[in-house]
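Q: There's a structure below that I have some questions on.
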Amino acid sequence: MPNNSQTVLDNIAFVEKSRIKIINLVCIISALLALLSAFIGRDSLPYSISLITLSCIFIGSLLMNFNSKTSLTKYFVPLATTIWITYMCIAFGNRLGTQNYLVIALVALAIYAKNKTYRTISILVILATALSVNIYQNFYEPLYSLPKFIDLLSAVNVLTPLIIISMICWTVISDAAKSNAIIQQQKRDLADSNQFKDKVLSIIGHDMRSPFNSAKSLIYLLENELLSKEEKHHVLALLHSDIDLSLQTLDNILEWASQAYYGSVMQTKIKKETLKVKEMVDTAIEGFTQLSLQKQVTMSNSIDPATRIYADRQQIAFVLRNLTSNALKFSHSDQHIIFSSSENDGKVTICVKDQGIGMSTEMQSSLFQISNRFSEKGTANEKGSGLGLIFCQEFIENNNGNLWIESKVGKGTTINFSLNRDELVNA
């Protein structure tokens with residue numbers, strides 16, 4: 001299942017990045033508009049200097065954020081803007097609308113302040129400051145002469161907080177949509193994780209219980225000496241067969257679970273690479289040398305050494321091992337298994353052909369249904385779980401390929417799967 005701690009950290013990082021992005025946006029817009037106001041009111045030197053200073057405050061806040069000084073910025077922006085805008089309101093009165101910049105301090109607090117008490121007190125202080133400034137402006141004249149374009153400057157100073165609020169709303173809505181997408185993806189990941197768990201438990205519960213129950217019954221017969229010498233040999237052979245089946249089933253489940261878990265639930269990409277098909281088939285054949293000698297079945301690899309595919313090595317190795325095992329399982333003595341390949345339209349088709357017992361159409365239709373799978377004993381009474389081909393099909397599909405079967409009862413079986421050629425060959 002997904003790492004919950006990492007998910008929480010990712011969510012915190014997303015929220016923090018959104019806060020920083022919004023405050024940076026506020027600072028950029030405010031700095032630009034403050035410089036615009038300074039230019040328009042350049043006939044009043046004190047006013048221009050005051051606006052340039054205010055712009056520097058916003059630029060300084062940006063630099064702090066870019067240098068990861070966000071803990072300092074969250075105090076600097078509200079405090080510096082409140083103090084400087086209060087000074088400007090006293091210095092130039094209310095006709096220019098400078099007091100509207102106090103909205104920026106309120107926005108900074110709303111975004112940055114995580115502590116509810118600190119945020120509430122700070123907002124109340126700014127509101128009290130705005131009220132006090134308004135009262136002062138009604139009773140006292142400005143300290144400096146006003147710029148020439150009063151109406152234009154007033155319009156800019158009124159529009160500035162409106163533009164900022166609009167941009168913040170747009171950013172918040174956009175980030176909320178992204179956050180919702182992340183939440184929905186996490187829900188899907190959780191559902192996949194639960195489905196994966198249920199699938200594994202179902203397989204283990206069904207396929208591991210039966211051999212162990214059988215082994216338990218056989219051990220009971222041996223413990224209570226209820227069998228003749230010949231029967232004991234037969235029971236020991238059955239125990240050996242049950243243990244082999246359990247190990248084979250467990251190996252298949254663990255291999256599939258490992259690949260499925262890290263590939264699907266953990267969203268780790270399939271590690272595709274250029275694979276030499278002939279070498280991989282040779283490796284699979286070597287792994288069954290002893291068994292092929294015991295059953296007196298020969299295997300040949302006629303695949304061209306130049307044949308390449310582009311796929312995940314571990315998953316394709318699993319597929320080849322299972323297909324080789326199946327071909328041996330259902331072959332009689334003195335029969336032959338052939339590995340071959342062909343290329344067409346950028347695809348490589350790999351064939352594993354045996355001369356064994358084959359299978360009916362009905363049996364073929366149930367091979368890939370995990371809830372209705374079919375398992376038949378091999379020519380030497382080898383048992384199987386019926387899981388191998390299901391896992392093989394899943395791994396082939398993971399690599400954008402297809403797997404299909406051609407078989408007739410008594411005529412043998414050919415299992416084919418196609419995968420993309422090596423990307424370098426296609427280039």
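Backbone N, Cα and C atoms are what each Cβ position is placed from, and that goes for glycine too.
Sharing the feature lines straight out of TrEMBL:
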DOMAIN    203-423  domain 'Histidine kinase'
TRANSMEM  22-41  transmembrane segment
TRANSMEM  47-66  transmembrane segment
TRANSMEM  75-93  transmembrane segment
TRANSMEM  99-114  transmembrane segment
TRANSMEM  121-140  transmembrane segment
TRANSMEM  152-173  transmembrane segment
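Show me how these features fit into the shown structure, please.
A: With a cut-off of 8 Å between Cβ atoms, the residues of this chain six or more beyond the transmembrane segment (22-41) that come close are 47-52, 54-55, 58-59, 61-62, 65, 73, 77, 96, 101, 104, 107-108, 111-112, 147-149, 152-153, 156-157, 159-160, 163-164, 167-168, 171-172.
Nonlocal intrachain contacts for the transmembrane segment (47-66), taken as residues 6+ away from its ends with a CB within less than 8 angstroms of a stretch CB, comprise 20, 23-24, 26-28, 30-32, 34-35, 37-39, 41, 72-73, 76-77, 80-81, 84-85, 87-88, 91-92, 96, 101, 144, 146-147.
Sequence-distant contacts of the transmembrane segment (75-93), counting only residues of its own chain at least 6 positions beyond either end whose CB sits under 8 Å from a CB of the stretch, comprise 23, 27, 46-47, 50, 53-54, 57-58, 60-61, 64, 99, 101-102, 104-105, 108-109, 112, 122, 125-126, 129, 133, 136-137, 140-144, 146.
Sequence-distant contacts of the transmembrane segment (121-140) (same chain, six or more residues past either end, CB-CB distance under 8 Å): 78, 82, 86, 89-90, 93-94, 99, 102, 105-106, 109-110, 113.
Panel annotation: around the transmembrane segment (152-173), residues 18, 21-22, 25-26, 29-30, 33, 36-37, 40-41, 95-98, 100-101, 103-104, 107 of the same chain, lying at least six beyond its termini, place a Cβ under 8 Å from a Cβ of the stretch.
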